[in-house]
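The carbamoyl phosphate binding site annotation in Swiss-Prot covers SER62, THR63, ARG64, THR65, GLN89, ARG113, HIS140, PRO141, THR142, GLN143, CYS277, LEU278, ARG322, and the record cites sequence analysis as its basis. Residues or ranges marked as L-ornithine binding site by Swiss-Prot: ASN172, ASP236, SER240, MET241.
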Amino acid sequence: MTEIQKPYDLKGRSLLKESDFTKAEFEGLIDFAITLKEYKKNGIKHHYLSGKNIALLFEKNSTRTRAAFTVASIDLGAHPEFLGKNDIQLGKKESVEDTAKVLGRMFDGIEFRGFSQQAVEDLAKFSGVPVWNGLTDDWHPTQMLADFMTIKENFGYLEGINLTYVGDGRNNIAHSLMVAGAMLGVNVRICTPKSLNPKDAYVDIAKEKASQYGGSVMITDNIAEAVENTDAIYTDVWVSMGEESEFEQRINLLKDYQVNQQLFDLTGKDSTIFLHCLPAFHDTNTLYGQEIYEKYGLAEMEVTDQIFRSEHSKVFDQAENRMHTIKAVMAATLGS
């Protein structure tokens, strides 16, 4: 039997936002995830969490995050328990503090995917167990681990990589890419209309990390400047969950920021990869896609089907890596 390595040690820690961790800790989690991916590929069992019980709290719907946490828990030997928006009453019938104290008595770790960053912070404060942020309106740290793992798999390194995000600069992906990228020594470029620029508070955190660790942060509405010589182009949906009434406004603002072949040609490179946290509106094979086409005449939104299905696209590697990186976080913070 192959002897598995001890988990990367962040025992007892929570992952609430990227800035909670150092560059070395973030890199350690990525490297540990790469090891765990090899274990799974080769059928090597790695039950670091044998006998543990994990609560999966979801205020927002999810495919990848729920699947990744569920499979990661089982692979690690733990039992996951899903609690959806109809099962939990955070701040409605029961305070976050009281809920946290109850769950902390029953579970060994808690994942939370919802709206409020304060909610996940309070879960960590009052539960007494590791808490992992599966997404809030402010940050998406588990996504970042998968994103930068995917970049490292493709290029072999992270420091000095040029990463361009094109789209709504105010959403959680843009926030997290700026901070995590700057912390990892990546040159992060946020390409967005001026009216969708990220708030100064998030930019300031990212620039502080960049000065500390050697990355850089650029905010621009100039597409050619943003994608020149870039190694990775990243986009996200133009309308986030809860903003569906703003489709027309966002389409008008972002239609020139679609990731397409013309934009890829501006990079001047053949090796540039495409990333997306998914789901993506790249065709009309969804009810949303059909509705957008009927209302606005757009068959593709933030990315064209050509780019989404091209050899540049690493979106399904990226999605798979959610599982491996989440597994790394859980094992590192809770394993033995």
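Glycine residues also receive a Cβ, built from the backbone N, Cα and C atoms like all the rest.
Annotation for the binding-site residues ARG64, HIS140, ARG322: lowest Cβ count within 10 Å of the residue's own Cβ, ARG64. If you measure from the Cα atom of ARG322 (carbamoyl phosphate binding site) to that of ASP236 (L-ornithine binding site), you get 16 Å. Cα of SER62 (carbamoyl phosphate binding site) to Cα of ASN172 (L-ornithine binding site): a span of 15 Å.
Least packed by the Cβ count within 10 Å, out of the binding-site residues GLN89, THR142, is GLN89. Within 10 Å (C-alpha to C-alpha) of ASP236 (L-ornithine binding site) lie the following binding-site residues from ARG64, GLN89, HIS140, THR142, CYS277: CYS277. Residues SER62, THR63, ARG64, THR65, GLN89, ARG113, HIS140, PRO141, THR142, GLN143, CYS277, LEU278, ARG322 are listed as the carbamoyl phosphate binders, and the farthest two of them sit 28 Å apart at their Cα atoms. Counting only same-chain residues at least 6 apart in sequence, those with a Cβ under 8 Å from the Cβ of SER240 (L-ornithine binding site) are ASP168, ASN171, ASN172. Taking Cβ-Cβ distances under 8 Å and a sequence separation of 6 or more, the neighbours of CYS277 (carbamoyl phosphate binding site) in its chain are ARG64, HIS140, GLN143, ASP147, ILE173, ASP236, GLN318. There are 17 other Cβ atoms within 10 Å of the Cβ belonging to SER62 (carbamoyl phosphate binding site). Comparing the binding-site residues ASN172, ASP236 on other C-beta atoms within 10 angstroms of each C-beta gives the minimum for ASN172.
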